[in-house]
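In what follows, a single structure is set out as structure tokens and then discussed.
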Amino acid sequence: MHFLSPAKLNLFLQILGRREDDFHEIVTRYQAIAFGDQLSLSISSRDSLQVINACHLETPSNSIWKSVALFRRYTGITTPVSWRVVKQIPVGAGLAGGSSNAATALFALNQIFKTGLSDEEMRSLAEQLGVDTPFFFSTGAALGVARGEKIIALEESVSDRYVLYFSSEGVLTSRAFAAVQPSDCSSRKNLEYTQNDLEKPVFRLRLDLKEKKHWLESLWAELPVYIGLTGSGATLFVRYPEILEKDLSYAAQIQRAVTLSGGLLTSPIRRDPTAWYSIYSESALAAT
């Protein structure tokens, strides 16, 4: 069985302050995108994991094995399984690669063993696997509140396009939040839903990302776009309404900016509640 494990963007992320448990209270807008890893699952004689493009992730601490352990405890099914992952999402990129793998693995196990777990059950289990893991059991667009793990589904679809800019070095989420100062936080009375409050602390840690954003702002200056960091980084992204591509002048400028900047152009993706995210046909995935 083959599954897309999609990346996510934080279209905005606002920090409301530090909680009594020492974590930060946030509100964020999650969006799944048509870019991600490919997971394949089969029943086997022994447990195994192969990660193409990132063999250093073939460890017992991989988020996929955490999903397997949780699934086995919950269902009592202990049949060995074999995983093959074609890794595309960079580590420490703010794209939730590990969380997406964990969620996709949980969904895949439910499918292959026909255990009939509901989305609500899997979402509840996913809260034990990571802050943004539950999001992937939404339709692909949601608000995240509390630490980001409490999901409020959004039914409206967005007609945006995104251009992703990866970094050769990731950012640890824990390090980014540890660098947050009170002045970085948003006022509860003046939430703008257009910014990422983690940008300032991350840019203090990573001057190269701040400079990269300035470079992108100059490159895209003549177009009505938003440029920001997703999550705690290190990925920067450009967001613009898809309708711009229908204007020949704008379309040419967009193509030029994407080409000159070396960005990866992608789109939002939605999930049918009865299925999983997909931008690939089953035959195409089987051929990889």
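The backbone N, Cα and C atoms fix where each Cβ goes, and this holds for glycine too.
These features come from Swiss-Prot:
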- Lys8: active site (ACT_SITE)
- Pro90, Val91, Gly92, Ala93, Gly94, Leu95, Ala96, Gly97, Gly98, Ser99, Ser100: ATP binding site (BINDING)
- Asp132: active site (ACT_SITE)
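Feature map: Swiss-Prot annotations on the structure.
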| residue | record | DSSP class |
| --- | --- | --- |
| Lys8 | active site | strand |
| Pro90 | ATP binding site | coil |
| Ala96 | ATP binding site | coil |
| Asp132 | active site | coil |
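Summary: among the recorded positions (Ala96, Gly98, Ser100, Asp132), the fewest other C-beta atoms within 10 A of the C-beta are counted at Gly98. When the binding-site residues Pro90, Gly92, Gly98, Ser100 are screened for a Cα within 10 A of the Cα of Lys8 (active site), the ones that qualify are Ser100. A 10 Å cutoff on Cβ-Cβ distances gives Gly92 (ATP binding site) a total of 20 other Cβ atoms nearby, all chains included. Take the Cα of Asp132 (active site) and measure to each of the binding-site residues Pro90, Gly94, Ser100: the nearest one is Ser100. The binding-site residues in question are Pro90, Gly94, and the one with the fewest Cβ neighbours inside 10 Å is Pro90. Cβ proximity to the ATP site centre (mean Cβ of Pro90, Val91, Gly92, Ala93, Gly94, Leu95, Ala96, Gly97, Gly98, Ser99, Ser100, cutoff 8 Å) flags the following additional same-chain residues: Ala7, Ile89, Gly170. Of all Cβ atoms in the shown protein chains, 29 besides its own fall within 10 Å of the Cβ of Lys8 (active site).
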